[in-house]
Amino acid sequence: MATADGTDQSGLAAYREEVDAQRAALYAVLGGLILFYLSPLWGGLTTAFKTQAGFVNTTPIVPPTPEWFTLEAWELAFATMQGGLINSVMFVVPATVLSAVFGSLAAYGLTKLSWRGQVGILVIFLAGVFLPYQSVLVPLRQFWSAVDLAGLLAFAPFLAERADLLELTITHTAYGIPICTILFRSYYKTMDDDMIEAAKIDGANALRIYRRIVFPLSLPMFAVALIYQFTQVWNDLLFALVLITSRSNYVVTQSLNELQGAMAQDYNLQMAGAFIAALPTIIIYVVFGRQFAKGITGAS
Amino acid sequence: MDRLRSRLTRRDSDSGADDEIRTDGGSEAPTGGGTFTRLKHSDAVQALPFWLPPALLMGLFVYGAASWNLLISLTDWSGLLQPEYTNLNLEMYTRMLSDASFIAAFRNTIVLLVAFTVISLAAGLVLAILVDQNIRFENTFRTIYLLPMALSFVVTAIFWSWMYNPSTGTINVVLSTIGLDAFTMDWLGDTRTRLAAIIFALTWQFSGYAMVVYLAGLRAIPDSHYEAAKVDGASSFKMYWRVIVPQLSAATTSAAVVLMVFGLKAFDFIYVMFGDNPGRSADILAVMMFRVAFSRSQWAYGAAVATVLFLMALAVVAPYLYMQYKRGDL
């Protein structure tokens, strides 16, 4: 230990320089990674503002000069996808809310009330998260054609015309229950039981305890579950491909996929469409980043 | 005696019913001498209306549908007719073994799952370690690396189709700008690079997820472990590799399981890029299942392929859940 004050100034300076150099390198790497993660979005954004000739004749990542600039792609993409956007909002909102509510109720029944066998049931809920959707597609289609929701709703034309969307709502609600249950369960596990015990002594039943104590305390977790479910359901294409048969009921991922298929080389239109479809989840992500991260890691 | 002492029985003057209040957080259902009223008010009965409806809905769509799928895979259902559940046999499964496109899709699925999971974990670990160096604007970096997770597969597929475009795509443009013309190619068109290109784009989308999981793991390791390694004179690399990474095994396992499940669901991504037939070089079971069942109406065969996917998920998830259970995390 020969590092008394003032004896080894040059060594200390060299050390400081080395640390500074390391820091600079670290920030350079982190910045480079930002370029990598943002480049598809940045490139997409610049392309969406270019004319046809613009994205053919200019470097992809360079913003358009006034000569190539246009809003046409956005207008056309929006006009094409408008119906899909409306349909998606109509089914995603109820599916999201319903699965969060069911998940909260199930988690309450399986954690805050103690009884034999609850771990077994919980494992069954948990395993549902990992189900590959392909392994239910054929039965799903059989099931919904057997139920004939449109026929059952014939008395209400508004609903009958949107029977496909209703099927999608119920399906997504069912498949959202496992993850929502797990999210609420991990939250309830850390919740203090004192108030619940006190309420029990006062003679409150389970429903009353849920309504008056557990539900209000769950609101932060409802935010997490709603954000998670909204992103998942809004972004899904597979179930929509299987269940939505009539074009007027196409959801946003479907209409974007159609746009992509029909306009394979019109990159400006595709990119504008991609941003329009992604906007709700991007906004949610930017505004509620913390809850979003909590939701996606909730299952681990 | 313990059980008796830990319970208080209180007479409720309004209803006249016995209410059991447990002070031990009671983990068992009432036993011995339980009258009807006591049973009615037990936690087990009170819990039913809360978990049973969601369980029924989930049971119908998840477990009911998966079982029905298994049943359909044992029939020879195809075309427009309805399935017949007489004469069940394993014909569809034997057919798989001699179907070259199944074998290719199976191989690609394994390659995709393993490569995607390993690369995403490695990338996530590096990101997490870099972000964990007490940097400024940590939140901004984290937010940007995780951003692709918010996008749908459809959107990601559109972005990356464009990135990979041989003439106007960013990748080739950047390569030629820095003088690496020799490395430019038609990434999605060339059957040799197609699967790798898909895996790379999926890694872009999900490495941020691995980062978040690893960051939580890193933050749970006490500072003293870092300091002990430093005192021993370990270099940064050695310290992470020998001391820190081994302590992240729980994070690695759970992230790996979830990433594999994402990988199994990569259907949307490939479907948007190539339709339902990406060719032998990039066909995966999830896409093949959809093509066989929904485009060609070979329902029973599609259901059999789906069962293989189900079993693959089970092979990954069952040991994981068992481990969690053993550790007492359930």
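If you go along the chain as it appears here, the first residue is 1 and each next one adds 1.
Glycine is no exception: its Cβ is also placed from the backbone N, Cα and C atoms.
Note that TrEMBL annotation is computational and uncurated.
What TrEMBL records for B:1-25 is compositional bias 'Basic and acidic residues'.
Residues annotated as region 'Disordered' in TrEMBL: B:1-33.
The transmembrane segment annotation in TrEMBL covers B:48-71 (among others).
Annotated domain 'ABC transmembrane type-1' per TrEMBL: B:106-322, in sequence order.
Within the chain carrying the transmembrane segment (B:110-131), a Cβ under 8 angstroms from the stretch's Cβ atoms is held by residues 138, 141-142, 145, 195-196, 198-199, 202-203, 206-215, 217-218, 240, 245, 248, 252, 255-256, 259-260, 263-264, 266, 284, 312, all 6 or more beyond its ends. Marked as transmembrane segment by TrEMBL: B:110-131 (among others).
For B:143-163 (among others), the entry in TrEMBL reads transmembrane segment.
Annotated transmembrane segment per TrEMBL: B:195-218 (among others), in sequence order.
According to TrEMBL, the transmembrane segment annotation covers B:239-264 (among others).
Taken from TrEMBL, the feature transmembrane segment applies to B:299-322 (among others). Long-range Cβ contacts of the transmembrane segment (B:299-322) within its own chain (Cβ-Cβ under 8 Å, at least 6 residues beyond either end) map to 66, 69-70, 72-78, 83, 92-93, 95-96, 102, 105-106, 109, 113, 253-254, 257, 260-261, 264, 285-286, 288-290, 292-293, 330.
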Sequence-remote partners of the transmembrane segment (B:195-218) [C-beta within less than 8 Å, at least six residues beyond its ends]
108, 111-112, 115-116, 119-121, 123-125, 127-129, 131-132, 142, 145-149, 151, 153, 156-157, 160, 163-164, 187-188, 244, 247-248, 250-251, 254-255, 258-259, 262-263, 266, 269-270, 273, 281-282
